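Each remark here refers to the structure printed beneath this line.
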Amino acid sequence: MDKIPTRMYGEEPLQMPASMCLLYLNPENKLMPFAIQTRTYTIKPKSSLGNLLLLQLEKDPFLFLPENQWFCSKIVVTAPEGELLFPCYRWISRGELVELRGGRAKKSFEDVHPMLIKHREKDIMMRKNLYKWEITDEKIPHHLHYKHVSELPAEVQFSMTREDEIEYTKKMAGIELKFKGMVGSTEQWEKIEDMNDIFCFQKTTISEYVAEHWKDDDFFGYQFLNGTNPTVIKKCSKLPSNFPVTDEMVEPFLAAGCSLKKEIKKGNIFICDNKIMDKIPTRMYGEEPLQMPASMCLFYLNPENKLMPIAIQLNQQPSEQNPIFLPSDSEPDWLLAKIFVRSAHALEFESVDHLLGTHFMAEIFTVAALRNFHPVHPLYKLLIPHFEYTLHINTLSRIILFGPEGILNTSTLGYEGTKELVRRGFAQITYSSLCLPDNIAARGLESIPNYYYRDDGLKLWNIINSYVKKMMEHFYPSDADVSKDAELQGWIQEVFTHGFLGNKHSGIPSDFTNVKDLVKFLTMVIFTVTAQHAALNNGQFDYLAWVLNGALLLRKPPPTTKGQSSLETILETAPNIGETVKFATLILILSEKYSDMVLLGAYPDERFDGPEPKQIIQEFQAELSCLSEAIQTRNAELEIPYTYLNPTQIENSITI
């Protein structure tokens with residue numbers, strides 16, 4: 001078709017593109033378009049278009065060809081007054097009429113033309129019918145009403161590339177594990193070293209480090225600062241009354257001449273208390289219910305600045321059947337106690353901090369935004385890139401992860417226990433806990449050394465805050481503009497009502513009256529769906545591929561006496577081979593990098609029109625680039641590099 005002659009249509013020649021399409025044979029042996037050449041079309045009107053208010057797009061079927069959707073990125077109108085951008089960035093089906101507004105961001109009270117006011121109201125009403133809240137549990141946030149990803153509107157679905165790559169990763173992992181006879185195996189591991197054979201080709205530098213050092217006390221402590229869940233450890237200013245650790249117990253593990261009381265006063269004692277697990281329901285395993293202890297672990301920051309575990313109690317109430325385990329106990333006793341602590345930590349991490357704290361929070365912000373902001377609203381343009389694919393992955397997660405048949409149903413807690421854990425976690429979430437500077441301060445971790453999650457996270461928080469502040473001061477010159485923005489007020493009201501169930505004690509605002517409060521909230525939103533999710537999600541394969549470093553299932557109850565455990569006890573407690581590889585496949589998929597990944601600060605869709613927002617975005621990108629260089633320089637000196645908050649590793653939204 002290259003340069004082939006075409007006929008005239010009116011006074012203009014028609015065009016026939018010489019297109020190119022790359023096809024991919026997917027794991028289902030379907031030939032799928034993988035990369036399609038894009039085209040730019042130029043249309044020259046015969047007369048002046050005048051003052052453009054709206055553009056209408058409609059896709060007609062072409063001759064006898066079957067229906068296929070077209071993706072329109074944008075329309076740029078060039079007039080004597082300059083260029084006017086009409087962003088689209090959506091798929092268009094046959095017979096669908098799409099109306100677009102110019103790219104200049106406008107709040108609802110800034111519209112004066114009756115046609116634009118009516119169009120805005122009509123569009124928001126349509127969106128409220130398209131995106132509806134659903135209540136499945138009175139004690140957790142409401143969510144989008146669609147049950148299956150196939151029902152989702154095209155604008156929030158995965159790209160075909162993303163779907164195929166996820167399926168490919170899953171299939172290739174399955175082929176390897178089936179070949180090894182591991183899938184569905186109910187056999188117990190014969191040796192701990194055999195767990196290293198699960199994946200031969202997907203190992204990372206850190207996953208291999210974990211497999212080698214998972215028993216080490218200093219590495220155990222390090223993970224509470226920089227592992228998959230660095231958000232639960234706290235400074236211990238006073239020992240809990242139900243954790244009766246004495247000086248005699250821990251003196252051998254403190255520096256010479258030190259006592260527990262003195263070290264607490266110095267700020268060198270820290271605690272991880274999994275009381276959220278206390279008396280939580282668990283699932284049946286065979287004929288017996290599994291047990292999930294609500295453990296407590298005490299840490300000591302030693303003179304070498306290493307965070308060392310010095311005492312573990314596996315249940316909340318002290319008794320003879322609930323001893324305090326110490327590093328001086330037999331190796332199997334101490335190791336098994338740490339395995340139970342890491343298991344509780346991993347379950348809380350997956351259900352509360354990761355799923356609820358990032359995915360569910362993102363869905364609250366996303367659904368409320370789609371229901372209340374017109375696409376021309378500045379906050380829609382600011383936030384929508386940070387919500388891409390979130391509704392798709394969450395809808396999928398409610399089936400394959402969090403549902404009755406989901407993978408978490410295989411965990412120690414099972415489906416009902418996981419739901420109860422999410423309820424308990426949600427009851428503890430506050431606005432302050434979602435804001436990193438407040439969270440760090442509340443846990444007393446402002447000065448603990450080698451806390452790279454805190455160091456990188458606070459820098460990212462400040463960079464995002466600066467970006468948001470510049471944008472909001474540009475679009476909201478006064479506090480009065482915030483107060484009278486009906487779409488903004490509708491958004492935060494729905495976040496408060498449907499997301500936080502109207503709980504005033506959460507500290508979540510139900511309205512905004514000034515720019516300062518708006519800036520902080522938007523900073524929290526963008527940080528949560530980018531940096532926080534990256535910190536929690538991206539290291540899962542690194543740290544959890546070695547199952548005993550964070551088992552989601554432990555088959556035997558915790559030890560109740562010392563001196564009774566052995567290596568065989570640990571193998572009997574660990575998940576069997578089939579259970580292990582099921583969890584390992586999940587974290588492999590969740591940790592994979594996909595080809596359509598968009599990095600934090602990258603905005604391939606041009607939504608803002610005008611020099612000021614574009615300049616602010618460029619400054620944001622420059623600051624992220626500087627931080628990335630600083631992190632890489634620091635990591636070059638570390639035995640275990642902390643990469644999860646390097647902007648080059650952070651996605652612009654929650655997509656997996």
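Glycine is no exception: its Cβ is also placed from the backbone N, Cα and C atoms.
Per TrEMBL, the feature domain 'PLAT' maps to 1-106.
Residues or ranges marked as site 'Essential for stabilizing binding to COTL1' by TrEMBL: Trp91. Every protein chain considered, the tally of other Cβ atoms within 10 Å of the Cβ of Trp91 (site 'Essential for stabilizing binding to COTL1') stands at 17.
Mean predicted confidence for the domain 'Lipoxygenase' (106-656): the pLDDT average there is 95. Taken from TrEMBL, the feature domain 'Lipoxygenase' covers 106-656.
The Cβ neighbour count for His533 (Fe cation binding site), using a 10 Å radius over every protein chain in view, is 25. The Fe cation binding site feature in TrEMBL is assigned to His354, His359, His533, Ile656.
Neighbouring residues of the recorded Fe cation site, listed in sequence order and excluding His354, His359, His533, Ile656, comprise Leu355, Thr358, Ala362, Ile393, Leu536, Asn537, Leu590, Ile654 (Cβ within 8 Å of the Cβ centroid). Between the alpha carbons (Cα) of Ile656 (Fe cation binding site) and Trp91 (site 'Essential for stabilizing binding to COTL1') lies a span of roughly 22 Å. Separation of the C-alpha atoms of His354 (Fe cation binding site) and Trp91 (site 'Essential for stabilizing binding to COTL1'): 31 Å, rounded to the nearest whole number. Listed in sequence order, Thr390, Ile393, Asn394, Ser397, His533, Ile654 are the same-chain residues six or more apart from His359 (Fe cation binding site) with CB atoms under 8 A from its CB.
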